[in-house]
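In what follows, a structure is listed as C-alpha cells, so that the remarks can point back to it.
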Amino acid sequence: MNPSLRRSRPFSGHIHRRRRTISTTPHVIENDKNFIATLNVIVRSKRSWNIALNNSISNKLKPHHVEQIMLQNLDDSRLALRFFNFLGLHKSFDHSTTSFCILVHSLVQTNLYWPATSLLQTLLQRKVNPRFVFDNLLDTYKRFNFCHTLGFDLLTQNYVQDRRVMDSVLVVRLMMEHSLVPELRTLSTVLNGLIRIRRFDLVLQLFDKAVNSGVLPDEYIYTAVLKSLCELKDFEKAKEMMNWVERNGSKMSIILYNILIHGLCKVGRVWEAVEMKDSLGCKGLNADIVTYCSLILGLCKVNEFQLARSLVDEMLGLRLVPREAVVSSVVDGLRKEGDCVGAYRLVDMMGKVGVVPSLFVYNALLNSLCKDGKLNEAESLFDRMEDKGLCPNNITYSIMIDSFCKQGRVDDALLVYNRMLDNAVELTIYPYNSLINGYCKAGKCSAAESIFNEMIDKGLTPTVVTYTSLIDGYCKEREVQKAFRLYHEMTGKGTSPNTFTFTALISGFCRARMMVEASNLFDEMLKMNVTPNEVTYNVLIEGYCKDGNTVRAFELLDEMVKKGLVPDTYTYRSLITGLCAKGRVSEAKEFVDDLQKHCHYLNEMCFSALLHGYCKEGRLKDALTTTDEMAEKGINMDLVCYGVLIYGTLKHHDVKYLLNILKEMHDRGMKPDEVIYTSMLYAYGKVGDLKKAFSCWDIMVTEGCFPNTVTYTVMINNLCKAGLVDKAEIFYKEMLARGLIPNQFTYSCFLDYLAGEGYMVEAKRLHDAMLKGYLANTVTYNIIIRGLCRLDQIQEAMDILLEMKDKGISPDCVSYSTIIYEFCRRGDLLGARGLWESMLTNGLKPDAVAYNLLIYGCCIAGEMSKAFELRNEMIRSGLKMTNATYASLIRGT
C-alpha cells in the first residue's frame, strides 16, 4: 500500500481527553517512572529481550507502561514496533487500544504504511467497536501532537478490506464531524465498498456530506456516485450530476458518459443512450470501445440486431476492435432472427480486417447452438468445418466436448477429445475440466481420475474448477474423506477454493451426516473471506434438517436473510421436510401457512414435502385436504405429488385411496410415469408381494410407459432378494436388449445375492468386471467384505481392505466395522483394536455401530475399563448410546 504523502490539515475539532481517575502517591509515581526508564533502557539495549525481561519485570508490565515506551521511542518507530510485537508473540501481552493507536500514528509519521496497515488489521480482528477505535485514535492524535492524519485513512481502508463497509462509513463520518478530511482515495474506496454491498443510497448520502465538508471530488468519486444513481435507476439525477460536474469546471471524461450509457442500456433505455453517444462530439469527446460495446449489447438486449450490426461496421470504420462477447451477441442475435446469411457475412467482414477470424464466429455459432440444446445441428456444423477449410482449434473442441459432457454423452466427448489429440491441437485445461466434470456427473469418478492424471502428465495445472468437479463427484459417491483429502491437496498447492468448492464439500459432509465437519468447513469458508451463496445455505439447511436439528436450520434461514440472500423453494422444502421427518407435521403446516401469508412463493415440491409428512404419519385425509388447498391457490398437483400420495397409500395398504388417486390422475389426463411405477414396484417388493409387482409391471408396459434403468434395477433387486436370481437375469438381458445400460446398483443386486449365498468366487469375478467398468465403489467392496466375513475368511477380508486403498477407493466406517465384528466374535480383541486404530489413522470417524461392536468385544474379553473408556469417548463424540451399548456394558459387569 502506497498512500499519498499529503499532510492533512491540522486537527481543529475538540475532544474530551480520557483521564485516569486512579489516585497514586508520589512514591508510586516515582517507582513507575523508574520502571519505565529501566524498561526503556532494555528496549534500546542490544541485550536479548527474552533474557532481560525476566519474570519480575514481565509480571509488573502494564499497558500504560507500554504506551509510555511507544511514546519515548517515536524517533525509532521500527524499534517500537519490534518491541510491541515481541510482547504480543513471546509474552502473550494484551496490548491496549491506545498502544495500537500510538504506534499506528508513529509508523505513519515515519512513512511506514505497510506495518501500520498490518497493525490495524490485527486491531480489527479484536472486533472492537469502531467508534471506540476511532475515539482512541483521535485522542492519541491530539494528545501527542502527531502531524499526519493518514492513520484515520488507513483505518477506514482496512474496514473496507475486512468487508466491514458500514464500519468504514462510520469512521469517515466521524472524521468529517471532527474536521478531519479523508483522502480522496479513502473516500473512493468507501464509496466503491458500498457499491459492492449495493448500498447505493449511502453512497449518495456520504457524497453529499463530503462535498458539504469541503471535499473536492475527483473523477473516481464522481464515477462511484454516477454508478449508484444508475443502479438506483435515477437517471434524471444522474444527468443533473453530469451537468453539475460540467458547470463546476471539472474535467469531463468519456468514462463518466460510458457509465451513464451503460446504465441506460441496462434498463432498456437504449435510444437515450444512442442520443448521448451522438452528442459526444459537441462536448469534445470521442466514443471509445466501451461506449460502442455498451450500446451494441444494449441494442441486442432489446432485439435490435440489425442496428447493432451497423454499429459494429461503424466501429471497424474507426479502427476500434469490438470485444468477442459483443461480436458473439450480434452473431447469435442474427442467427436467432433467422438471418444466418447476415451472420456469416459479419464473419467474413471481421476476418478481412483481421479483427476476429471466421473460425471465432463458427465457434460462437457452435456455442449458441449447443446452449440452445441443438446439439445435432452443432455436431453437423462441426463435422463440416474442415470441408470449408477451417481447422477446429482448442476452443472449437472445448465447446463440443463440454456440450457432449453436459448432455451426458461422455463417450462421444471422449471421441472428440481423441480427435483433438490426433490433430495435435494445442491442449488447454478446458476440455479436461469438461471431461472430468462429465465423468463425475455420470458417477464415474475413477474415469475422471484417469483424465486428471493424464492432464497432469501433459503438464497442465489443475484449476479450482478441476478440483471442484472431482470433489463434487467424490462427495456424490459418498467418498467424503477422499474429497476432503483432495481439498487439502488443492489448498496445499496454492489453489484457493471458491464458493462452489466449499459448497460441494459441505454438501458431501451433509450427505454423510457429518454435520460437525460441515459446520467447521462453513466457518473456515467465512474466515477465508469466501462468500457463501444461496446454494451453500440451502445444502447446510437441508443437512441440519436431515440430521434432525431443525433449530439450527431455522437459525441459518434467519442468517441467510440478514445477509441479503433470498431463500427459495429449495430452502423452504428442506425445512418443511425436516419438520415432517421429526413428526412435527402440524408445525410444518403452520410454517407453510405463514409463508403463504407473507406472500412467499411455494411450488409443488414444497407441498409434496408436506404431503409426504402426512402420508408418513398415515394422515391420508389431511394429505387429501392439502391437495384441495393447493387447487384453491392455483398450485397444480404434478406427478411428484401424486407419486407421494401413491407412496402413502401403498405404505399403509390403503387400496381404496390408491384407486381414488389413480382415477383422479386419469380424470386430469395424467398417467403415472416410470418414477411412480418404480416406487410401486419397490413398495410391493419390500413386502414380498411379487405377484402385485409383476401385475404393476404389465400395466406399466401396457400403458406405454417404458421402464428405465432404475425400474429394471428395482425389479432385479426384488427378485434377487426373493432368491429368484434366474428371473432376475431374464430382466437383466431384457434391459440390455432395450439399450439400457446397467449401473453399479444393478450389478450390486447380483453381487449382494452371490455374496449372501456364499458364492464368493462368482462374486469376486463380477466385482472385478465392475472395477474395469469404473462401477465399483466403497459399497460394492463392503458387500464383498461382508460375504467373506460370513464365511469366516477374515484374512481375505483384510486383503480386500488393502485392495480398496490400492484401487483408490476409500474404505468407510462400515468396511472396518464389518471386520472388527468378526475379530470380536472370535475373541481376538487385539486384532479388533488394531483395526480400530487403523481406521482412526485413516481419518475415519467411528459411528455408533462401530463403537458398540468394539465395546461388545471389550466386554466379552473382560476389559471393562476399556469398554467404559470407549463409552465415554462415544458420548464426547456426540453419539447417542443405544440399547446395544447398555446391554453389552450390563452383561460385562
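Placement of Cβ uses the backbone N, Cα and C atoms for every residue, glycine included.
Here TrEMBL flags 183-217 (among others) as repeat 'PPR'. Using DSSP to sort the residues of the repeat 'PPR' (183-217) gives these counts of helix, strand and coil: 26 helix, 0 strand, 9 coil.
Mean model confidence for the repeat 'PPR' (218-252) is a pLDDT of 86. Residues or ranges marked as repeat 'PPR' in TrEMBL: 218-252 (among others).
Within the same chain, residues 219, 222-223, 226-227, 229-231, 233, 235, 238-239, 242, 245, 294-295, 297-299, 301-302, 304 sit at least 6 positions outside the repeat 'PPR' (253-287) and bring their C-beta atoms closer than 8 Å to a C-beta of that stretch. Sequence annotations record features per position, and here TrEMBL assigns repeat 'PPR' to 253-287 (among others).
Marked as repeat 'PPR' by TrEMBL: 358-392 (among others).
The DSSP breakdown of the repeat 'PPR' (393-427), given as helix, strand and coil counts, is 26 helix, 0 strand, 9 coil. The repeat 'PPR' annotation in TrEMBL covers 393-427 (among others).
When Cβ-Cβ distances below 8 Å are used as the criterion, the repeat 'PPR' (463-497) is approached by residues 429, 432-433, 436-437, 439-441, 443, 445, 448-449, 452, 455, 504-505, 507-509, 511-512, 514, 517, 525, 528, 530, 777-779, 808-810, 812, 842-844 of the same chain, each at least six residues removed from its ends. Residues annotated as repeat 'PPR' in TrEMBL: 463-497 (among others).
Counting residue by residue with DSSP, the repeat 'PPR' (498-532) contains 26 helix, 0 strand, 9 coil. TrEMBL lists 498-532 (among others) with the feature repeat 'PPR'.
Broken down by DSSP into helix, strand and coil, the repeat 'PPR' (533-567) contains 26 helix, 0 strand, 9 coil. Per TrEMBL, the feature repeat 'PPR' maps to 533-567 (among others).
The DSSP breakdown of the repeat 'PPR' (603-637), given as helix, strand and coil counts, is 26 helix, 0 strand, 9 coil. According to TrEMBL, the repeat 'PPR' annotation covers 603-637 (among others).
The repeat 'PPR' annotation in TrEMBL covers 638-672 (among others). Cβ atoms under 8 Å from those of the repeat 'PPR' (638-672) belong to residues 604-605, 607-608, 611-612, 614-616, 618, 620, 623-624, 627, 630, 679-680, 683-684, 700, 703, 705 of the same chain, restricted to positions at least 6 beyond its ends.
The repeat 'PPR' annotation in TrEMBL covers 708-742 (among others).
Taken from TrEMBL, the feature repeat 'PPR' applies to 812-846 (among others). The residues of the repeat 'PPR' (812-846), classed with DSSP into helix (H, G, I), strand (E, B) and coil, number 27 helix, 0 strand, 8 coil.
Nonlocal intrachain contacts for the repeat 'PPR' (812-846), taken as residues 6+ away from its ends with a CB within less than 8 angstroms of a stretch CB, comprise 478, 481, 484-485, 514, 778, 781-782, 785-786, 789, 792, 794, 797-798, 801, 804, 853-854, 856-858, 860-861, 863, 877. Secondary structure by DSSP for the repeat 'PPR' (463-497): 26 helix, 0 strand, 9 coil. Away from its own ends, the repeat 'PPR' (533-567) comes close to residues 197-198, 499, 502-503, 506-507, 509-511, 513, 515, 518-519, 522, 525, 574-575, 577-579, 581-582, 584, 600 of its chain (Cβ-Cβ under 8 Å, at least six residues beyond either end). Non-local neighbours of the repeat 'PPR' (393-427) in the same chain are 359-360, 362-363, 366-367, 370, 375, 378-379, 382, 385, 434-435, 437-439, 441-442, 444, 447, 458, 460; each lies 6+ residues outside the stretch with a CB under 8 Å from one of its CB atoms. Sequence-distant contacts of the repeat 'PPR' (708-742) (same chain, six or more residues past either end, CB-CB distance under 8 Å): 674, 677-678, 681-682, 684-685, 688, 690, 693, 697, 700, 749-750, 752-753.
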